[in-house]
Amino acid sequence: MAEHESLEFGKADFVLLDSVSLDEFMANLKLRFEKGRIYSYIGEVVVSVNPYRAMNIYGRDTIEQYKGRELYERPPHLFAIADAAYKAMKRRNKDTCIVISGESGAGKTEASKYIMQYIAAITNPSQRAEVERYLQQKAFLFLSCEKCMFIINLYDLYFIIFQQEGERSFHSFYQVSEGLTTDIKKLFLFCQLFQTPDKSHQTCVYDSSSSINDSADFKAVTDAMKVIGFTTEEIQTVYKILATILHLGNLKFGSDGDVTLIENSKLVSVLGDLLSTKDENVEKALLYRTVATGRDVIDKQHTHQEASYGRDALAKAIYERLFCWIVGRINDVIEVKNYDARVHGKNTVIGVLDIYGFEIFQNNSFEQFCINYCNEKLQQLFIQLVLKQEQEEYQREGIPWKHIDYFNNQIIVDLVEQQHKGIFAVLDEACMNVGKVTDEMFLQALNGKLAKHAHYTSRKLSPTDKNLEFDRDFRIRHYAGDVVYSVVGFIDKNKDTLFQDFKRLLYNSSNPVLKAMWPEGKLSITEVTKRPLTAATLFKNSMISLVENLASKEPYYVRCIKPNDVKSPLLFEHERCKHQVEYLGLLENVRVRRAGFANRQTYPRFLQSHTYDKEAVKRLLQGCGFEHDVAYGKTKVFIRTPRTIFSLEEQRAEMVKRIVLFLQKVWRGTLARMRYRRMRAALIIIRAYRRYKVKSYIREVNRRFKNVRGMKDHGKHVKWPTPPKVLRKFEEALRNIYNRWWAWTLIKDLSPEEMVQIRAKVATLECLKGQRADLGLQRAWEGNYLVSKKDSPGTASSFTLVSSDLQRKDKFMRVLFSCNVRKINRFNKAEDRALLITDRHLYKMDPVKLYKPMKSIPLYNVTGVSISPGKDQLVVFHTKDNRDLIVCLQGMVPAGDSRIGELVGTLLSHFKRSISILLFKMLSNVVMLNKVFYAHQNCMYLLHLLLKCS
């Protein structure tokens with residue numbers, strides 16, 4: 001059974017249902033769909049339900065989970081059956097095929113894509129490039145010809161001229177309409193609405209309701225064609241042929257008495273341009289048929305109906321020839337070059353068949369009859385091959401085979417294809433009769449030959465059955481249910497309406513690609529003597545060939561189900577799905593599989609789940625009391641009923657819990673010891689490495705700074721080595737020690753007076769570094785400039801006397817700073833004054849009156865000093881009473897220098913020695929002012945206001 005899925009998702013394999021009934025089957029199918037499990041098994045058959053949403057179950061991780069695994073080792077998936085087919089081909093050297101069936105919209109094409117994606121992914125590297133190249137080259141077949149992959153048959157072409165409501169035609173038509181540039185569309189005379197050749201229906205080429213991105217797919221198709229090697233001219237021809245088919249859909253016929261006419265005759269010239277042939281030849285081929293009677297050749301005009309059938313036949317034939325031509329080109333490219341069976345071994349293949357499923361419509365026509373016959377034929381093959389596989393496996397394993405009763409639909413197949421008696425034979429006979437043969441006459445012939453057949457009836461044979469119309473309907477009892485068919489059109493559609501005139505028309509095209517598609521057009525009407533095969537005969541022959549081809553291969557099956565008609569990921573329409581389950585024969589498949597042993601596993605696989613060898617398997621099953629429900633093959637154990645499997649799985653699950661707990665305990669202990677040893681080893685290594693780095697750093701520092709005492713700059717130029725992280729703080733401390741030592745070597749020989757000046761300069765640098773450039777650090781600071789004869793040659797002696805008097809009066813210890821200034825008041829009036837700062841007071845003096853003190857401010861009343869960042873000498877002294885003093889320092893200083901830095905440094909140095917706490921408060925009040933205010937008429941007043949605000 002499929003593992004790794006709990007019963008909350010239902011039974012992963014329908015063979016394991018408690019009872020085989022349609023209700024049980026549908027309930028399990030619905031539960032799995034609602035739980036997001038879109039894949040299930042019936043033995044080795046995959047049942048797929050279209051989820052109508054993107055699912056993250058096809059990536060590289062999922063591929064690795066299924067690669068090389070047995071079918072039941074993982075939950076049901078397309079990858080499981082693809083891997084089984086691949087292993088059968090590689091290990092047993094067998095040709096295999098995967099048959100994918102279901103109605104339109106059930107997800108057949110997507111399934112085929114994922115299967116080929118998986119095969120490409122698991123192929124060994126030497127072959128993967130070839131497979132991926134093949135897939136890339138095959139891409140446009142998947143995209144543009146979804147409904148006819150690898151095998152193109154008559155019933156596939158029916159969808160060129162007719163689609164059921166809600167269905168699309170071939171994707172290629174939508175792609176060229178959406179993907180071609182505007183210029184090319186104009187060249188092909190494209191319009192947005194095209195009518196299908198069946199004039200009662202229209203197909204909108206711009207399908208806005210579809211979730212398919214036709215424009216992007218068109219680009220992918222075009223790119224793939226270029227990769228293969230199609231020339232630009234060939235690609236243009238493909239577009240022209242598709243445009244021709246679409247324009248044929250708009251072609252309408254009318255009648256003028258007995259004369260058939262083309263109503264929209266302008267399309268004739270469009271078709272002539274697209275087919276590279278003359279307009280008059282196109283018109284003649286559409287309206288006339290050339291007939292040879294003995295030696296005479298005449299042009300017979302079509303009736304309205306004949307012209308319509310001919311137009312439809314031409315549309316289908318053109319598409320068929322185009323498709324076959326493309327397939328031929330691809331086969332030439334992907335053909336294995338220089339293949340030698342003696343060297344490379346048998347050339348094995350995996351075939352993928354994507355085919356329509358059984359359908360029942362309101363008005364089932366000839367084409368639908370062919371489709372249902374095809375599915376009847378494949379269903380017969382399916383049951384036969386399943387039984388054959390079962391019987392062969394039993395024989396290989398030495399298990400006695402018992403006959404299994406099942407519904408054999410060979411009687412229905414014979415009803416259709418039997419020589420001289422089947423429906424196809426009666427239809428062909430009617431078409432070959434001379435004279436006027438009608439569909440009603442064909443129905444009468446069927447009633448005569450099949451009146452006693454258990455699976456055939458009509459209104460004439462069942463007069464009371466009002467579901468059948470007289471002279472129109474007949475009913476066949478298919479394996480999937482009863483289907484009523486209308487004979488209307490059977491005769492005409494069975495005849496070869498692709499007249500020789502069309503073949504000669506296209507052969508004589510000036511387009512070499514189109515001409516090569518119709519080699520039989522080379523024959524003249526007198527050279528064509530053989531009666532062409534009918535559509536029914538061609539279809540029957542193709543089905544017989546297909547069945548023979550499939551029977552020669554080991555088959556695998558994917559049955560696709562469409563859960564609803566509105567493409568909803570949530571809706572499961574019970575009746576609709578039930579109908580599909582019936583016509584796909586899924587319940588019959590379950591019964592066949594359940595008739596013998598429902599489950600079988602190889603001994604190694606069973607051993608992994610339960611025990612260790614074949615004898616142990618026997619003892620285990622006997623001990624559990626299941627020996628009556630099993631059989632022992634050579635390599636596999638066969639289990640009859642699902643209940644035995646479930647009981648074994650339940651016991652195993654319970655035991656696994658105990659084993660897992662024990663293993664977890666042992667393993668966690670082992671991991672903990674391993675982690676401890678690794679951590680301890682890492683710690684030892686880290687410690688040793690850190691010691692090494694520390695020692696290396698210290699040795700390097702010692703080496704670089706070994707002789708700094710003898711260096712001219714005492715090692716200032718020496719570059720410090722980069723420390724390890726653990727020594728970064730140590731390096732900072734070491735640098736500080738070195739810097740203090742280096743500074744000490746510079747100042748150790750200075751005098752006390754020089755030390756005072758050095759401290760002042762340092763204080764200035766710390767405070768104003770980056771704020772002003774004219775700090776005067778390079779010159780000697782005199783401080784008391786008013787006693788300097790250089791600065792005040794005529795008044796130095798007068799200032800000395802006044803200074804001495806003030807010292808006696810105010811008891812200050814020393815003069816910190818003095819110089820001449822310009823005092824500025826709020827009215828923008830400037831006057832010459834002198835400034836004297838002692839260790840106790842700040843004095844404003846009048847130099848004109850022999851430095852008479854005008855104002856005395858105790859230093860403890862000074863709250864701050866403000867200077868500007870410019871080159872001016874403006875200084876503002878802030879006081880507690882808000883009567884600030886604004887002056888400009890004056891005096892002879894070197895160019896680019898000022899006494900601002902000296903004043904600030906002197907004050908900072910003084911206060912640092914006496915009231916250091918006040919120093920920091922004062923420093924925080926320093927405001928740098930921009931000298932732009934000098935340009936204003938009332939600049940001093942504005943400056944005063946700004947200082948107040950600060």
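Just so you know, glycine gets a Cβ as well, placed from its N, Cα and C.
Please treat TrEMBL annotations as automatic predictions, because they have not gone through curation.
Keep in mind it's a predicted model, so treat the numbers as computed, not measured.
Annotated by TrEMBL as region 'Actin-binding', the relevant range among 14-36, 543-565, 727-749 is 543-565. Across the region 'Actin-binding' (543-565), DSSP helix (H, G, I), strand (E, B) and coil residues number 9 helix, 8 strand, 6 coil.
For the binding-site residues Gly102, Gly105, Gly107, the greatest number of Cβ atoms within 10 Å around a candidate Cβ is found at Gly102.
Looking just at the domain 'TH1' (770-950), the mean pLDDT is 73.
Neighbour counts were taken at the CB atom with a 10 A radius for the binding-site residues Glu103, Ser104, Ala106, Lys108, Thr109; the maximum falls on Lys108.
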